[in-house]
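Visitor: Here it is, the structure in full.
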Amino acid sequence: MPQSNHYSHQSRSHNDRRRQQPDEKVQATVNIGQRFPLTIRRLGINGEGIGYYKHVITFVKGALPEEVVVAEVTAVHPRYLEAKIRSIRKPSPDRVDPRDAYAGEVGGFELEHLDYPAQLAFKQDLIRQALEKYRPAGYRHYDVRPTIGMTNPYEYRNKAQFQVRLIDGHVAAGLYKENSHDLVDLPTCSVQMPATMTVMRQVVAWLEELQVPIYDEEHNSGIVKTIVVREAAATGEIQLVFITNTPKLPKKHQLLMKIAEKLPMVVSVMQNINAGKTSLIWGDQTTLLAGKPTITEELDGLVFDLSARAFFQLNPQQTKKLYRLAREALNLAPNETLVDAYSGVGTIGLSLADVAKEVRGMDTIPAAVADANANAQRNQITNAHYEVGEAEVLLPQWLASGFAPDAMVVDPPRTGLDNVLIDAILQSAPEKLVYISCNPSTLAQDLQALTRGYQVDYIQSIDMFPQTARCEAVVRFTKRH
C-alpha cells in the first residue's frame with residue numbers, strides 16, 4: 001500500500017493552521033460527556049487522532065486521519081479537549097483490526113490499528129512535525145528519509161517486564177491500564193518474542209499452582225511483584241528474574257525444579273529484592289537462584305554477556321540495522337578516533353572499533369561502564385576504553401590531555417543532549433558527528449544549537465518499536481568550515 005500523504009504535515013491547509021487558535025467561548029460551553037461529529041486531520045506525537053471542534057484542537061485516542069468519528073469529550077483543558085470514540089462514521093482505509101484485544105487499554109500498542117506502511121509514514125512525519133515546530137537552521141531543506149521498517153513488525157521485543165497481581169483469585173501478569181494501577185492480564189502479546197511469553201505464562205501458572213504469595217499493592221503484602229523474561233536472540237538463552245517484596249521466596253526450590261525440567265532454555269534465574277511501595281521496578285540487590293548470572297547475546301560478530309540490569313536494545317533485528325546506519329554515516333578511516341557519548345554497555349562504540357584507531361566512551365552509570373569494558377575484553381578489543389563520568393566534563397579533560405576526537409556518536413536518552421555537552425561538542429568540533437535519537441522533539445531542539453557548528457546531511461528514521469508511536473532516527477552532520 002502506498003504511504004498516504006495525509007500522514008504528512010505538508011498536506012495541512014492554511015485553514016487547518018487557523019483552526020489551532022482556540023475559541024474560548026466555545027471551550028467554556030463544552031462539557032465532559034458531550035458528543036459531536038469530528039473529522040480527524042492528522043496524528044499527534046503520541047499516535048492520537050487530532051481534529052478541531054469549532055477551532056478547538058481535540059485529541060481522540062484511537063482515531064485515524066481522514067476518519068469521521070462521533071467523539072465524546074473526556075477532559076476539557078484551557079487550550080484543548082480530550083475525547084474518545086463513540087462510533088466511527090467513516091473509517092480510514094488504513095484502519096486494520098489489532099491482533100491484541102487489549103491494544104487500546106495498555107501502553108505500547110497505540111498504533112496497532114494502523115496499517116504498517118501508514119505507521120512508517122507517520123514516523124517520518126513525526127520528525128517533520130518536530131522540525132516545523134522548533135525550526136533549526138535550514139530545516140526546510142533537510143533530507144528526511146523514509147522510515148526503515150521490519151518485514152514482520154511483530155514478535156520483536158526480547159524482554160517482557162510484567163507486573164504480577166491477583167485478579168479474582170488468579171495470578172495475573174501483564175501491564176497497567178494507561179494512567180492507572182489497574183492490571184491487564186496478558187496471556188498473549190503479539191510484539192514479544194514468542195519464547196518470552198512461553199516462559200512468562202508457564203511461570204505464572206506455576207506461581208498459582210504452588211500458591212506462592214503474590215504482592216498486594218494496597219496492603220503492601222505478599223511477595224512476587226514483577227516477572228522479567230529476557231531472551232538473547234542469537235543464542236536462544238533466556239534469563240528469568242523474580243522481583244520480590246522480601247528476600248524470602250516461598251516454594252523457591254519447587255519452582256526451580258519445574259523450571260529446570262520444563263524450560264531448558266532458561267539458563268539464568270535471578271531474584272531482585274525491591275521492598276515496599278515504590279514506583280521503581282528494580283531494587284538494588286540482585287542474587288543468583290540457578291544457572292549463570294548472565295545470558296549471552298551476539299550482535300554483528302560481537303558477544304555480550306547481559307546481566308539482569310544491563311541495558312540492551314529491545315529489538316535485536318532493528319538494532320543491527322541501526323548500528324549499520326551509524327557505521328555508514330560515520331564512514332570512519334583507520335586513523336580516526338571516535339568518542340562514544342552515552343555509551344551504555346558499549347554496544348555502539350565496540351561495533352565501530354574495528355574501523356577506528358581508538359574508541360573512547362563515557363557513561364554516568366558505573367555498572368554500565370564496567371560492563372562496557374568487560375565487553376571490550378570479552379571480544380578482545382584493545383582499542384576501546386570506557387570511563388565513568390559526564391561527557392561535558394570528560395571531553396574537555398581529554399582535549400586538554402591532547403586527545404582530539406575525529407568523530408563522535410551520541411545516543412542520548414529521550415530528554416536529549418545536555419546543553420553543556422552541546423557546548424563541549426561545538427568546542428571540540430569533531431569533523432564527523434552522528435546523533436542517534438529516540439525522541440524527535442528533543443532532537444529538533446538540539447539541532448537548533450548544533451547547527452551553529454554543523455550542517456545536517458540527512459535524517460534517517462528507523463522503526464525500532466512497531467505498533468507504537470515511538471520513533472528513532474540517525475542524523476549525520478558535516479562540520480561547517
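Each residue, glycine too, has its Cβ placed from N, Cα and C.
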Visitor: Quick one: which of TYR342, TYR435 does Swiss-Prot put in the S-adenosyl-L-methionine site with GLN313, ASP363, ASP411?
Guide: TYR342
Visitor: Under 8 Å Cβ to Cβ from ASP411 (S-adenosyl-L-methionine binding site), same chain, six or more residues apart: give me those in sequence order, or none if nothing qualifies.
Guide: ASP340, ALA341, TYR342, SER343, GLY344, ILE348, ILE436
Visitor: Among the binding-site residues TYR342, ASP363, whose Cβ has the fewest other Cβ atoms within 10 Å?
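Guide: Counting other Cβ atoms within 10 Å of each of the binding-site residues TYR342, ASP363, the minimum falls on TYR342.
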Visitor: Check each residue in the chain of CYS438 (active site, nucleophile) that is at least six apart in sequence and keep those whose C-beta is under 8 Å from its C-beta; list them in sequence order.
Guide: PRO413, ARG414, MET464, ARG470, CYS471, GLU472
Visitor: Roughly where does the domain 'TRAM' (29-87) sit in mean pLDDT, to the nearest integer?
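Guide: Mean pLDDT across the domain 'TRAM' (29-87) comes out at 97.
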Visitor: Within its own chain, what residues at least 6 apart in sequence put their Cβ under 8 Å from the Cβ of GLN313 (S-adenosyl-L-methionine binding site), listed in sequence order?
Guide: THR319, LEU322, THR347, MET464
